[in-house]
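Some notes on the structure that comes next.
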Amino acid sequence: MSEVKLWDFHGGIHPPERKALSNRTPIQPAPLPARLILPLGQHIGAPARPIVAVGERVLKGQPIAAASGRVSAPLHAPTSGTVSFIGPQPYPHVSGMLAPAIVIDSDGLDAWVPLEPCADYRGLEPEVLLEKIRQAGISGLGGAGLPTAVKLAARPPGKIHTLIVNGAECEPYITADDRLMRERAAELVAGIEILAWLIQPEQVLIGIEDNKPEAIAAVRTAIGERPFGLRVLPTKYPSGGEKQLVELLTGQQVPSGGLPTDVGMLCQNVGTCVAIHDAVLQGRPLISRIVTLTGEALARPMNVEALLGTPVGELLTFAGLDEARMDRLIIGGPMMGFTLPSLEAPLIKTGNCLLAPTRSELPPPPPPLPCIRCGACADACPASLLPQQLHFFALGQEHEQLRAHNLFDCIECGACAYVCPSSLPLVQYYRAAKAEIRELEQKQHKAEHSRRRFELRQERLRKAEEQKEAERQARAEQAARAKEVQAESFALPDRTAPLAAQPSQTGGLSEQQKLKIEASMAQVALKKAEKQLAAHATPELEAQVAELRAVVEAAKKALEAATAAAPPAAPASNDAALKKAKIELAMKRSELKKAEKAGADDAGLTRLREALAGAEQALHAAEDASDKPAPQLIRTDKRPVDERLRTLKTELAFARADLRKLERDEAADPPALESARTRLAEAERRLAEHQSE
């Protein structure tokens, strides 16, 4: 192959590799454990959701947990057996906290579920092929564990021009990818072909460090005449970081806060490519992975293919662990890994190495000293950051300054801490600061969400109050119109009476009423003037009082004349007696009906009928006295009750009440509100249709 240009990235270090401990023997199959612990969160994103129950028997490769969101991945049974527990179990995390998991007791049969291989994947639509990768539960096997289907689906359509396959494996001690490329190079290339067909990039680049000559030779042979570019990289840590590998192979830098896809590139680990081959061409989900077992506390360091969920203690025992010599257990490498507090924690999808060093092999760091501002950390940082500044800002919890200095561009490779002469645990400070910032962001997001919900609730209440006010005004206007109509009907003159008997009206008042008002006003003005005259005797007030007395006398005379000229008032009708007689009749009739329904004896019924007849006679007498016609006492049958109408009105009332209850509930879901509104509209429609029949 012709020489190709390679670039370099800022910083980097050259720690002791220690890879020869585990890369000399072929990959061994790990023994089948009696018990598997499968955490539901083995990837970035939402944990999977269990779809099996305790006591249920499962087969190898059977789905046992489904993806619970867009960024999630399903989980499969690594062997056949019985689900014995679902709940908190040990988890490989620096905190040592428990996490939800599914526990399977193996039956020793290792019986497979029927698989669905796809020999001709080129005949599938890209969406179907992507779904097969998603359903296989594949997550990134070389990094943080982002679900592969999510990473592939999130790429900008048509903008990925370079597919980069990461075989650098730069971390000391780890040789899982090295042995994988040596032994399964053909499967690796087949997986790369599947990705290339799915993405359609302009070029495919495979990057491998020059400390893996056997892997380089095996991959070069497997590539053959395929248009894949194999690039041999100079050994330097951390050349396996995504952004660093992109710069090494292409010379382009990924912008701060960005991803390789922002510059048209997509990176995948070699282990992920082999898992894609297994999922598509063989139909096998991700239920195992290659893991390096290394460290001087092991009698037989090696790489094994272990089932996910295998307790790490069993894997180390298989490699000949001497617990007396082991100083601590590290999952991952010495640079980016962390100490496991328990041997009961299970192997998960992102676990590529179990390191069991002795105390002399990896001695504990000395106590930290104050920073001397030497700048060695800045020279070593592969992300071109200022670690010493980030350290001071993290100590002071200056989150805005941390953001301004691109804290989240830190890949936590540990190069800064490795070269620090003061032995400062810089990465731990950065991790803690990132966690604090994320926690604050979550709180702010929750507060913003609560504020929006409160504003929406206030808006709903305002609209409801406006609607109620509009309804109240409509009812008030309707009542006012009804009163006006009633007043107009009462004000109509009796056309059968003589015209002379009708009082003359001007502006709604009779002449006699007007004269009374004028006389009262004159009397009030006179009393006021007399009080002023008593307090201050002046000629002007005396003249005003004399004038007002004359006005009062004239008003009295005019009122007397109008009263004498008015026709005599008609005697008041005996309306009170008539009303009382009607009420008495209604009460007697009601008592008789109740007695008839209750099955009273004949004597009681006779007595009530006689009382009713007496009330009817009293009503007739009252009608005669008031010169009004007697009411018709003929009993009329009531209109039969419409049961369908009553049911529809009840349904409408319930629908309206449910909607109002949901509108008052801050936590009500929009779909529930929409369903309630639909139900109310449907109830109103059915009632209107019934009333129109």
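Cβ coordinates come from backbone N, Cα and C, glycine included.
Residues C371, C374, C377 are given by TrEMBL as [4Fe-4S] cluster 1 binders; from C273, C410, C413, C420, that same site also lists C420.
Residue counts for the compositional bias 'Basic and acidic residues' (676-693) under DSSP (helix as H, G, I; strand as E, B; rest coil) come to 17 helix, 0 strand, 1 coil. On the backbone, the CA of C371 ([4Fe-4S] cluster 1 binding site) and the CA of C416 ([4Fe-4S] cluster 2 binding site) stand 12 Å apart. Neighbour counts of Cβ atoms within 10 Å were compared for the binding-site residues C374, C410, C413, and the top value is held by C413. The secondary structure of C410 ([4Fe-4S] cluster 2 binding site), as reduced to three states from DSSP, is coil rather than helix or strand.
The most densely surrounded of the binding-site residues C371, C377, C420, judged by C-beta neighbours within 10 angstroms, is C377. Assigned with DSSP, the residues of the domain '4Fe-4S ferredoxin-type' (362-391) fall into helix, strand and coil as follows: 10 helix, 0 strand, 20 coil.
Sequence-distant contacts of the domain '4Fe-4S ferredoxin-type' (401-430) (same chain, at least 6 residues past either end, Cβ-Cβ under 8 Å): 11-13, 15, 237-238, 241, 243, 256-257, 335-336, 365-372, 374, 376-383, 385-387, 389-391, 393-395, 437.
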